[in-house]
Amino acid sequence: MQAGKPILYSYFRSSCSWRVRIALALKGIDYEIVPINLIKDGGQQFTEEFQTLNPMKQVPALKIDGITIVQSLAIMEYLEETRPIPRLLPQDPQKRAIVRMISDLIASGIQPLQNLSVLKQVGQENQMQWAQKVITSGFNALEKILQSTAGKYCVGDEVSMADVCLVPQVANAERFKVDLSPYPTISHINKELLALEVFQVSHPRRQPDTPAELRT
């Protein structure tokens with residue numbers, strides 16, 4: 001494996017980037033951030049330099065161990081395989097499948113439908129309504145699932161990849177003014193997780209590229 005700090009290409013508000021920041025913090029991995037502003041200058045993800053890292057023109061991208069990995073779940077799977085302690089995935093195969101199911105529900109079934117590229121397509125005047133619709137649809141399903149899987153967190157009482165995906169998506173829901181009162185399980189788990197240091201240090205309000213007016 002290559003020596004030197006991993007480098008994370010991240011945007012402070014990107015929920016996918018936040019997932020990876022949480023995972024890196026959880027595993028105690030020291031890393032450097034290279035901010036990629038998805039809005040400034042038409043989007044820095046479209047530069048030729050960044051496209052050599054990720055032809056999909058998306059964040060996050062992680063340089064680690066001599067390779068570059070994109071897609072947040074793939075990054076977390078790699079971290080789990082190479083640095084397994086503390087765990088993001090339970091040892092029990094059934095619990096592990098449930099964690100992956102919840103993670104994929106959020107990462108494939110909710111977030112992509114309300115990401116920046118989709119919102120641009122629906123038009124400025126329709127963005128809030130569209131985001132609320134798709135997040136609500138996903139949360140209706142997620143709440144039912146979590147009612148049967150949750151302990152203190154999404155799957156039992158240990159933080160997992162599912163939790164790493166949940167918190168950034170709840171932040172998206174809040175940003176789009178989704179009514180969270182129908183989702184008490186989601187809301188309770190989110191509150192418990194936000195009390196943990198790894199979720200705080202990785203928070204969008206505490207990143208190098210966070211605008212001054214949004215910092216806490």
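Residue numbering: from 1, along the chain as shown.
Cβ atoms are placed via backbone N, Cα and C, with glycine included.
Given the structure is predicted, the values throughout are model-derived calculations rather than measurements.
Feature annotation from Swiss-Prot across LYS57, LYS144, LYS191 places N6-succinyllysine at LYS57. Swiss-Prot marks one residue of SER137, SER148, SER202 as phosphoserine, namely SER137. Record check, Swiss-Prot: glutathione site residues include SER14, SER15, CYS16, SER17, TRP18, ARG19, GLN45, GLN71, SER72, GLN111, ASN115, LEU116, SER117, and the candidate from VAL59, VAL99, VAL134 also listed there is VAL59. When THR136, THR149 are compared with the annotations in Swiss-Prot, the one labelled phosphothreonine turns out to be THR136. Looking at LYS63, LYS133, LYS177, Swiss-Prot tags one of them with N6-succinyllysine, and that residue is LYS177.
Under the DSSP three-state reduction, CYS16 (glutathione binding site) is assigned to helix. Once the Cα atoms of SER14, SER15, CYS16, SER17, TRP18, ARG19, GLN45, VAL59, GLN71, SER72, GLN111, ASN115, LEU116, SER117, the listed binders of glutathione, are compared pairwise, the greatest separation found is 19 Å.
For the domain 'GST N-terminal' (4-87), residue counts in helix, strand and coil come to 35 helix, 16 strand, 33 coil, using DSSP. Note: the domain 'GST C-terminal' (92-212) comprises 89 helix, 2 strand, 30 coil (DSSP; helix = H, G, I, strand = E, B). All chains included, 23 other C-beta atoms sit within 10 angstroms of the C-beta of GLN45 (glutathione binding site).
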